[in-house]
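The substrate binding site annotation in Swiss-Prot covers Asp12, Lys34, 61-70, Thr116, Arg177, Gln186, 206-207 and rests on sequence analysis. Taken from Swiss-Prot, the feature active site, proton donor covers Lys63.
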Amino acid sequence: MDARNRLIVGLDVATVTEAEKLVSTLAEDVTFYKIGYQLAFAGGLEFARDLAQSGKKVFLDMKLLDIDNTVASAVENIVRMGMTMLTLHAYPKAMQAAVEAAQGSGLCLLGVTVLTSMDDQDLNDAGYQGDARSLVLKRAAQAKEKGMGGIVCSAQEAQAVRAILGSDMAIVTPGIRPAGSDAGDQKRVMTPADAIHAGSSHLVVGRPIVKADDPRAATQVILAEMQAAFT
């Protein structure tokens, strides 16, 4: 298994110019990129199309949630953009609408369970009863039932989630931090090797690469750790 197909670099930058520079710097070491709100609203959607047309894989992290018809219409347009992955919140009706809209397209739909920046207290403050792990597992089961391509969750829950999803669905894990690096605003973090061993199929890494003094060197260290974990 080639780790380059499983590392997703988060283009967490403010401008398309910065994103273009980073993609050029990382060259052939990276084949998969994530574009979220920050870049999307600064011309990043056109850039996402360009990346896909250049042969890169693009994970559009939009975390969709709306009425069924609106979600379905958005998914249909995103399919036409040539994206590889798309996130939506793991609510049953939204997932069902998205799956029906994406049918036959090859777009991998990912259900967002609980953000890796949140812990049990954050959920309690938001009015949820129970703990983050229980909610992640419940939403993972719902995502499987609705026919989603995978889910997004912390590597701390990946092993339990893998037992629910089986071997075919993707487990995409943000909050990845190489040993010794700053966790930043993430609360449920894990190293690349530990995340792979726990059952994650794809790792999303942003700041440890984007903010590194040498982004390409930082990427190569992470890829080597992932490759060793896969073998």
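Just so you know, the numbers here start at 1 and follow the chain as drawn.
From the backbone N, Cα and C atoms, a Cβ is placed for every residue, glycine too.
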Cα-Cα distance linking the residue listed as 'active site, proton donor' and Gly206 (substrate binding site), given in Å to the nearest integer: 17
Pairwise Cα distance for Thr116 (substrate binding site)/the residue listed as 'active site, proton donor' [Å, integer]: 14
Cα separation, the residue listed as 'active site, proton donor' to Asp12 (substrate binding site) (Å, whole number): 15
Largest tally of Cβ atoms lying within 10 Å of a Cβ, found at which of the binding-site residues Met62, Leu65: Met62
Candidates Asp12, Lys63, Asp68, Thr116, Gly206: member of the recorded positions with the richest Cβ shell (10 Å): Thr116
Structural state of Asp68 (substrate binding site), classified by DSSP into three states: helix
Structural state of Asp12 (substrate binding site), classified by DSSP into three states: coil
DSSP three-state assignment for Met62 (substrate binding site): strand
